[in-house]
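Here's the structure, in structure tokens; my notes come after.
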Amino acid sequence: MTKPESRKSGVAAMSSTSKCATSAPATAQVNDGAVEPGCPDHSAHIKANVMKQTSRESMNWRNCGVDCEVYDDGTNTFFWRAHTVTVLFILTCALVYVTLLEETPQDTAYNTKRGIVASILVFLCFGVTQAKDGPFTRPHPAYWRFWLCVSVVYELFLIFILFQTVHDGRQFMKYIDPKLGVPLPERDYGGNCLMYDPGNTTDPFHNIWDKIDGFVPAHFLGWYIKTLVIRDWWMCMIISVMFEFLEYSLEHQLPNFSECWWDHASINITALPLCIPKSLQVCLSMEFTVNTLEVTWIMDVLVCNGLGIYCGMKTLGWLSMKPYQWQGLWNIPTYKGKIKRIAFQFTPYSWVKFEWKPASNLRRWLAVLGIIFMFLLAELNTFYLKFVLWMPPEHYLVLLRLVFFVNVGGVAMREIYDFMDDPKFHRKLGQQAWLVAAITVTEFLIVVKYDPNTIMLPIPFFITQCWFLGILLIFTWTLWRFFFRDITLRYKETRRRKQESPSDRDRSLGNGNPSTPSGRSKLNGSSEMVRQRKS
């Protein structure tokens, strides 16, 4: 921005400030840490510096994409600085202490572990201070740089595991946790599926409560977070339904998919007493079978996943309507306003509504299909990895992997959307999206290498038919929508133009429109005027 533009913007900011002063007092606006939409806020002790700050504040109105504007007063505190020299000094002091003052133990295994951990920590310190920032800035850009570096470390770990033998790779997990590296015990996931257990007199519905205790909160919270990542109701529902079909299709490979609530077999409810009202004084006992598919769609897709998606969409609506106006913490005089400002530090700095529009062109359609495929593959890797690496489901590494994907998934999805929505500005795929895709593929390759027999178990014929039919329908629709339909529309448009052009020409000649004469008539007309003037 040149100097005249800066002065002009400063005058504009002052005029807008004077207009907004009549709507609400400055002190009332600052007390709660919020300001009126479209009106920059200035507290009483800031007014002395208004002339110096107007140019900067006018530049801090930023258009953040589709549907919001951000006002930031430009406060740059100690919290937001890079601290590269400080981190380097602390790291150097730690290395000097280890080298000169600490005695090295005579334990090769311990020293190896400590050396690997120290190398990872040094890399994380470098990445947090020097790596490129991503699209997210809250609660702090260093937080997202940290997870970017963790992604690199995790991908390198997966590559190392991939290049080991199956036995060595599984035994290497003992270096992380001595309890690992042993075969998993056999578990009966789908054995006792009685909804009503007459043998248990204290709580005959204990099977239902046992499943609901961990099942409902996990699915609800998981799909709430996934909705915040994907930001589209249709894509979330498609992924939810598709994963249920994958569980039905792959339960012959993994026993995890045969649990009662997502098994497509049947649940036998034996000896369920059906009591007629006391007036009839009749009590019958009957045995019947309930198809689990209905229970699955009610409990899993509609109740757990659907409720999480619904709450996620409501949160997205609130984030899209929320005003994004930020002040420095020390510019807010009241404690209530400061506490609110600290809480809002953990909300997005700005908001962009995702409009995937998969049917708009072939590129976006293939991109959305690729996103759904990679999402489902990452979900399946959760179950297959712990099976082939002999990790029990309750192990903390399984939970850490889920926490990792929660933090990197949102950044990766935003980078994919930016790359797909504006390829001229974003000429290459984002760094976090690139790493997440590489991690997902590497995890799947580990599964294929470590247990190919499980992956190659033949799928039942009727399930193969269903998947073949679904893929054929997608392929046929793609050809029709982006090839045959476009060719037909172009042909009809060309034919319509050819039919309209002769009639338009005849109509113009028949009307004798003088506004569109030919070049020859123009020339003749001008020569006749010259002759008349000469005569």
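The backbone N, Cα and C atoms fix where each Cβ goes, and this holds for glycine too.
Whatever TrEMBL says is automated annotation, not expert-curated.
Worth saying up front: this structure is predicted, and the values here are computed from it rather than measured.
Here is what TrEMBL records for this protein:
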| type | residues | note |
| --- | --- | --- |
| TRANSMEM | 78-100 | transmembrane segment |
| TRANSMEM | 112-131 | transmembrane segment |
| TRANSMEM | 143-163 | transmembrane segment |
| TRANSMEM | 365-384 | transmembrane segment |
| TRANSMEM | 396-413 | transmembrane segment |
| TRANSMEM | 433-450 | transmembrane segment |
| TRANSMEM | 462-483 | transmembrane segment |
| REGION | 495-535 | region 'Disordered' |
| COMPBIAS | 499-508 | compositional bias 'Basic and acidic residues' |
| COMPBIAS | 510-529 | compositional bias 'Polar residues' |
Contact call for the transmembrane segment (365-384) and the transmembrane segment (433-450): at least 3 Cβ pairs under 8 Å, seq gap 6+: yes
Sequence-remote partners of the transmembrane segment (78-100) [C-beta within less than 8 Å, at least six residues beyond its ends]: 118, 122, 125, 128-130, 140
Positions on the same chain near the transmembrane segment (433-450), where near means CB under 8 A and six or more residues out: 148, 151-152, 154-155, 158-159, 161-162, 166, 169-170, 374, 377-378, 380-381, 384-385, 388-389, 405, 408-409, 411-413, 415-416, 419
